[in-house]
Amino acid sequence: MCPGLWGTCFWLWGSLLWLSIGRSGNVPPTTQPKCTDFQSANLLRGTNLKVQFLLFTPSDPGCGQLVEEDSDIRNSEFNASLGTKLIIHGFRALGTKPSWINKFIRALLRAADANVIAVDWVYGSTGMYFSAVENVVKLSLEISRFLSKLLELGVSESSIHIIGVSLGAHVGGMVGHFYKGQLGRITGLDPAGPEYTRASLEERLDSGDALFVEAIHTDTDNLGIRIPVGHVDYFVNGGQDQPGCPAFIHAGYSYLICDHMRAVHLYISALENTCPLMAFPCASYKAFLAGDCLDCFNPFLLSCPRIGLVERGGVKIEPLPKEVRVYLQTTSSAPYCVHHSLVEFNLKEKRKKDTSIEVTFLGNNVTSSVKITIPKDHLEGRGIIAHQNPHCQINQVKLKFHISSRVWRKDRTPIVGTFCTAPLPVNDSKKTVCIPEPVRLQVSMAVLRDLKMACV
């Protein structure tokens with residue numbers, strides 16, 4: 001206080017202010033970009049659309065640089081000569097930042113030399129799902145306007161890769177539609193099903209929205225779309241009921257969201273790990289598990305598609321086929337990848353009833369099992385076994401003959417047959433390994449045999 005001396009007090013404060021301004025001119029400007037985080041909304045104020053575009057770079061993967069105006073982009077670390085990857089999240093019921101986004105951004109920056117931009121539309125995706133759907137067109141227009149600024153800086157349409165999660169996949173599809181399908185790539189991570197399964201091609205993600213469109217389906221019986229929407233559609237574990245996810249509703253929120261979000265975690269794992277998440281074209285998951293689809297010749301000419309950043313998913317054929325359903329199995333936790341093998345058992349004599357044989361691969365303290373059925377009056381039964389160990393680390397196979405507990409008069413006659421296996425894709429007979437001698441199986445008694453398979 002300056003009691004009774006207001007003029008003196010004013011002069012002192014003015015001098016201090018002048019000194020602070022003058023001294024600040026001697027401090028070199030900071031080179032650190034200002035970091036901006038995702039917005040937080042709530043049910044009362046989260047339905048009105050408010051978009052942020054946040055740029056992340058390898059030099060500071062935890063710092064999102066707000067790039068909305070042309071000047072923001074020019075003054076940022078954005079590199080127009082690199083590819084650009086946009087991440088678009090989906091519906092945010094509680095108005096919170098996606099829990100997976102930081103890990104996703106870091107994985108992308110490590111895996112690709114590219115600009116990574118997260119589209120934050122927490123405001124607009126919160127509250128009721130249907131209000132978020134109503135914001136999709138407006139959001140798509142805002143993203144399209146933002147991309148036009150990047151194109152003015154020299155970015156090519158073909159270098160833009162949109163990765164959309166759930167509802168964000170259809171946002172990406174609409175943006176691609178606005179650019180007449182000339183964007184480089186769109187990846188849909190379990191594209192949303194409600195309101196979109198019967199939507200027109202203009203309203204949802206489809207193969208015409210980019211030069212290459214892929215979708216990973218993990219929750220087709222609940223929150224995800226059940227129809228193919230890309231050039232290649234991965235139906236992981238059949239597209240529903242992912243291993244490790246709760247099977248009963250008493251698990252609460254995890255029961256509702258686990259299958260749906262598995263697509264995100266699979267993609268992150270594909271970015272972080274080298275083991276391939278390879279899939280195989282087939283008419284259905286049931287047919288795939290039955291061993292009816294063993295290679296990728298039709299329609300990919302032997303190049304099996306893989307989840308991840310590999311160009312066009314590893315598909316080399318031209319022109320690209322559309323809406324191809326491909327199937328793969330996974331484990332319950334990261335890195336999720338498995339090796340798929342065909343297993344076959346050929347009976348020496350036909351039987352008048354179905355024959356069930358349990359096949360177990362043993363190697364390095366890891367076991368994998370599958371049951372195959374030989375229909376009555378048939379000699380051959382086959383199936384697909386998924387195993388974590390590479391083929392050359394499978395040391396033994398255990399075979400066990402089962403009979404149905406529902407049959408009153410049980411035929412316990414032993415069976416005799418030959419066992420063979422081959423890693424997928426089965427492109428030639430040279431990969432097939434058979435147990436040299438016929439195997440005699442008695443009911444419920446396990447038989448162990450050595451296996452020697454080459455690494456592939």
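Here the Cβ of each residue, glycine as well, is placed from N, Cα and C on the backbone.
Annotation source Swiss-Prot lists signal peptide at 1-24.
Summarising the annotation, Swiss-Prot assigns active site, nucleophile to SER166 and lists similarity to another entry as the type of evidence. For the recorded site, SER166 (active site, nucleophile), the DSSP three-state label reads coil.
The active site, charge relay system annotation in Swiss-Prot covers ASP190 (among others) and is backed by sequence analysis. Following the DSSP three-state reduction, the secondary structure of ASP190 (active site, charge relay system) is coil. Within the same chain, residues at least six positions away from ASP190 (active site, charge relay system) with a Cβ under 8 Å of its Cβ are VAL165, SER166, ALA169, ALA215, ILE216, HIS217, THR218, ASP219, LEU223, GLY224, ILE225, HIS260, MET261, ARG262, ALA263, VAL264.
In the three-state DSSP assignment, the secondary structure recorded for CYS258 (disulfide bond) is helix. Residue environment of CYS258 (disulfide bond) contains 19 other Cβ atoms, counted within 10 Å of its Cβ in all protein chains. Residues or ranges marked as disulfide bond by Swiss-Prot: CYS245-CYS258 (among others).
The 10 Å shell around the Cβ of HIS260 (active site, charge relay system) contains 23 further Cβ atoms across the protein chains shown. According to Swiss-Prot, the feature active site, charge relay system maps to HIS260 (among others), an assignment based on sequence analysis.
Among the features that Swiss-Prot reports, disulfide bond is placed at CYS282-CYS293 (among others). When secondary structure is read from DSSP and collapsed to three states, CYS282 (disulfide bond) falls in the coil class.
Sequence-distant neighbours of CYS296 (disulfide bond) (same chain, 6+ residues apart, CB-CB distance under 8 A): PHE280, PRO281, LEU302, SER303, CYS304, PRO305, PRO425. The DSSP secondary structure for CYS296 (disulfide bond) is coil. Feature annotation from Swiss-Prot assigns disulfide bond to CYS296-CYS304 (among others).
Taking the Cβ of ASN365 (N-linked glycosylation site) as reference, no residue of its chain lies under 8 Å away while being at least six apart in sequence. Residues annotated as N-linked glycosylation site in Swiss-Prot: ASN365.
The Cβ of CYS293 (disulfide bond) lies under 8 Å from the Cβ of PHE280, PRO281, CYS282, ALA283, ALA287, TYR327, each of these being in the same chain and 6 or more residues away along the sequence. The Cβ of CYS245 (disulfide bond) lies under 8 Å from the Cβ of SER254, TYR255, CYS258, ASP259, ARG262, each of which sits 6+ residues away along the same chain. If you count neighbouring Cβ atoms within 10 Å for each of the recorded positions SER166, CYS282, CYS304, the highest count belongs to SER166.
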